[in-house]
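Working notes, structure below.
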Amino acid sequence: PFSSSPRRKMNLKSERRGIHVDQSELLCKKGCGYYGNPAWQGFCSKCWREEYHKARQKQIQEDWELAERLQREEEEAYASSQSTQGAQSLTFSKFEEKKTNEKTRKVTTVKKFFTASSRAGAKKAEIQEAKAPSPSIHRQASIETERVSREFIEFIRTYQKPGQDIYKQCKLFLDTMSHKRDLSIEEQSECAQDFYQNVADRLQTRWKVPPEKVEKAMDEVEKYIMTRQYKYVFCPETTDDEKKDLAVQKRIRALHWVTPQMLCVPVSEEIPEVSDMVVKAITDIIEMDSKRVPRDKLACITKCSKHIFNAIKTTKNEPASADDFLPTLIYIVLKGNPPRLQSNIQYITRFCNPSRLMTGEDGYYFTNLCCAVAFIEKLDAQSLNLSQEDFDRFMTGQTSPKKQESDSFSPDVCLGVKQMCKSLDLLSQLNERQERIVSEAKKLEKDLIDWTDGITKEVEDIVEKYPLEIKPKSQALAAIDSENVENDKLPPPLQPQVYAG
């Protein structure tokens with residue numbers, strides 16, 4: 001059957017040279033009937049490609065099985081630690097021993113991380129480190145964390161070899177960050193940003209992944225990494241994020257009296273459709289705090305902003321502009337008072353994928369939110385076209401802007417709302433009257449005190465100028481004969497005497 005084949009021709013040439021060649025040694029080892037090449041281990045080109053493909057698929061399958069087994073061992077170790085944690089307690093000596101072992105293990109891991117080693121040795125150490133119980137096993141993993149981990153593994157399966165590389169890089173990054181808890185939040189942010197950049201460059205240069213797939217992969221990497229790191233890097237105790245949150249929240253509460261007219265907001269909440277959009281925008285901006293991934297928080301800001309644009313468009317019957325959007329966003333933030341607003345902004349700034357934060361509509365809306373918060377923090381009377389006196393009275397709660405009269409209500413407003421506005425208006429008027437009476441009473445009291453002090457001073461000046469001398473009371477002169485009742489002591493009367501000249 002090989003008479004006309006290249007193998008037969010080669011045999012004939014060899015026989016002419018006096019060399020005996022066994023034809024069976026020249027055939028492909030797989031038995032396909034074609035000539036095998038010694039450079040390909042005795043296989044023909046077609047069989048060699050098949051064998052290489054099988055070996056490659058086998059290696060990929062083994063790597064996936066290893067990753068699943070490590071994940072399963074971690075979950076089993078976590079479950080066993082949780083079951084034994086409530087059943088028994090460690091004594092003080094055992095606690096000290098466990099603490100010493102944990103410290104020794106961390107020191108050894110850090111030394112291995114900074115020690116130069118071969119590629120095979122590093123891979124072996126990585127597998128052993130993955131098998132060893134890590135501190136993350138002993139902490140309580142939320143349901144959301146487990147779900148995100150499963151979704152991430154399912155996603156990177158579609159990337160095959162690049163997916164395995166991504167998974168290994170993520171595990172190495174998480175293990176490295178677990179030993180860097182003592183670093184400042186800015187340094188941890190730099191580590192995360194460097195990791196994003198390295199993974200993106202690795203996918204583009206080494207694995208030649210298209211840009212759209214790289215962006216999608218980076219979104220999943222950010223979701224997986226930040227879900228597991230959320231409790232350590234969101235509003236950490238080493239920063240003043242919580243203090244800023246309380247300051248902003250207190251500031252927004254003090255500005256509850258600000259009306260849309262003061263901010264020149266082109267939105268009419270009397271329109272039911274617009275009112276629903278305003279409620280949805282407030283709900284989205286509040287929901288931002290419940291998300292763990294920076295991309296999800298940005299998505300909440302984007303949804304809120306789109307509801308604002310739709311509300312403006314419905315009110316004005318024309319597309320909204322940037323000059324209309326920012327005042328409306330400020331009004332939504334004042335009305336919603338989102339929880340932990342500054343912490344969420346700092347978290348997005350520190351740990352969001354920079355390519356998403358600096359480009360696209362997400363980055364634009366996030367920038368506007370930062371501007372809105374900065375405006376609220378510096379809001380003053382001039383910003384609202386108010387006098388300083390009115391602004392101070394509104395801020396202290398002494399009075400509030402007058403509510404709309406009942407005649408200006410739309411027909412579909414319920415009676416309770418109308419009665420409430422009337423009562424608030426009446427209370428505002430009574431408050432103004434009481435303040436006026438108290439002010440006049442204080443003025444009258446001051447006038448009386450000043451008049452009393454003036455009179456006292458005038459009397460003192462007169463007394464000082466014309467001192468009053470009071471002489472002692474003199475005794476009355478008694479008659480000479482007051483004690484001579486019977487006239488027995490009186491001398492004889494004088495007789496006139498005449499002298500001759």
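Any Cβ shown, glycine's included, is placed from N, Cα and C.
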TrEMBL annotation of region 'Disordered' - which of the ranges 75-94, 95-114, 135-154, 175-194 it falls on: 75-94
Of 202-221, 342-361, 482-501, the range TrEMBL labels region 'Disordered': 482-501
Counts of helix, strand and coil residues, the domain 'VPS9' (242-385), according to DSSP: 110 helix, 0 strand, 34 coil
Rounded mean pLDDT for the residues that make up the domain 'VPS9' (242-385): 94
